[in-house]
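Here's the structure we're looking at; comments come further down.
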Amino acid sequence: MSPRAQVYILAALLTVLGAGLTIYKHFALGFPLLPGEYRTVWTIEAKVGFDADGGPVKAALTLPRSQRNMAVLGETFSSSGYGFNIIHEDDEHRAVWSKRQASGPQSLFYQLDVHQTPGAALEQSLDLSTEVEKPLLGAREQEAVRQAIYSLVEAGRARSSDVSTFTSELLLALADTRNQDRNLIFGYYKDSNFVDVALLVLAAADIPAHRIRGLYLEDDRRRLDPEELLEIYDGERWVVFEPTSGAPGVPKNFFIWQRGGKSLLDVEGGRNSGVTFSVISNDVPARDVAMLSTSQEKEALVDFSIYSLPIEQQSIFKLILLVPVGALVVVLLRVFVGLRTSGTFMPVLLAIAFIETQLITGLSIFVLILILGLWVRFYLSRLNLLLVARIAAVVITVVILMGAISVVSFKLGIEQALTVTFFPMIILAWTIERMSILWEEDGPYEVVIQAGGSLLVAVLAWWVMTNRYVEHWTFNFPELLLVLLALVMIIGNYTGYRLGELARFRQLVR
């Protein structure tokens, strides 16, 4: 296989790998492709309140399970003077507060941040009981109620084809206030709510069912009682229904807090207990949401990346990751345009310095140091020093010049010039040495050409590297560097004319 073919195959593999990882991070992990994107994060607060009897107190609150369409970004608990623990009980997570002695009104708080993501609301692979407890309706005075229940069941079966359609018909019948059987049942169970009655009738029909407690995520809602849905087992999977409408499926923006199980709140040593909820929305940068959600799941692509480094090191890498972009600009301008520079990738280092110093300030400082350094270098050449000693002398001179520029600019109130320290001293010294030798061998014209070319490439690289989209992509999707590598390899196979050579060979074209 020829080297050119190997280059194209390797470039294709790198492109597929880099683009594939980028697409995965965007669609699967939620990293934004464009800067400035925000996501809605819902803060839900549960307030547990009760009156303590003066002795030991224990309160247990059922916590929400993980859900496919709701990513829990964080949770906090507040309980002054209470012991706190999270226990796993009957396939449920419960927050348990305890105190040796408490009296009077008590308030306990649990808060979590959730972000709604695409996907199914429920996972089917949960160990939920499918046993049916038949309602006790044996007394003679309950005969009419029992007949009404089974009348609704038979009517629903006659108008349905399977368990799901039967449930919808049954719920619609229970919501119809003109139905006499329905009115008789609700009249008997006055202390029961709609879901309680629906569960009773479904049990009479031998359909496994339980309630779902949750909240509708709407901004700035306070002191909410949990809403309830129904979930039935159709023989193969669990199906959720909205009780009053009979519509299948979890409603939009509904956050499931408890699915089946026992009571939502248990309090020992207190009375008048209850739990209320408050909901508020916040707009959070999309990248922060993605980082929080992936940190909860321990996603390897994020956990073993620069995001796991301390913030200080991340800020350094944010600048380092821009270097390949500057290198691509240099490759494009040298291979296709034919610009001559002093040093192959010296313009990239200048572009990095310009990022820290701002463009105009950086250009002014660079030109000033270059002129003064060349003047000192020409004087040193008369002393017939050895090469290493001469370069070392130039380095020392550059340091002195940088210090002098900083002090003088500070005294004059020009604070922008204090950023002179961001320029690489060794590169400046070596550039001065190369320019002086070039001056002696090829004259000042070539010095101006290469210095001007270096500055032009540095400015263009700075312009590309400071683009907000480029900064966003290189830091949030460093996998795209593989695509850059593939592009550079393909450009490296170019053997045609450069743009600057067209003028030289235009006579041949004629």
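Glycine too: its Cβ is placed from the backbone N, Cα and C atoms.
TrEMBL does not curate its annotations; it predicts them automatically.
Since the structure is predicted, the reported quantities are computational estimates derived from the model, not experimental observations.
Given the ranges 224-242, 414-432, the record in TrEMBL names 414-432 as transmembrane segment. Through the fold, the transmembrane segment (316-337) approaches residues 306, 309, 344-345, 347-348, 351-352, 355, 457, 460-461, 464-465, 470-471, 474-475, 478, 481, 484-485, 487-488, 491-492, 494, 498-500 of its own chain, all at least 6 residues removed from its boundaries and within a Cβ separation under 8 Å. Of the candidate ranges 6-24, 387-408, 444-465, 477-497, 444-465 contributes the most Cβ pairs within a distance under 8 Å of the transmembrane segment (349-375). Contacts between the transmembrane segment (6-24) and the transmembrane segment (444-465): absent, as fewer than 3 C-beta pairs lie under 8 angstroms at sequence separation of six or more.
Sequence-distant neighbours of the transmembrane segment (477-497) (same chain, 6+ residues past either end, Cβ-Cβ under 8 Å): 4, 7-8, 10-12, 14-15, 17-19, 21-22, 25-26, 31, 305-306, 321, 324-325, 327-328, 331-332, 335-336, 505.
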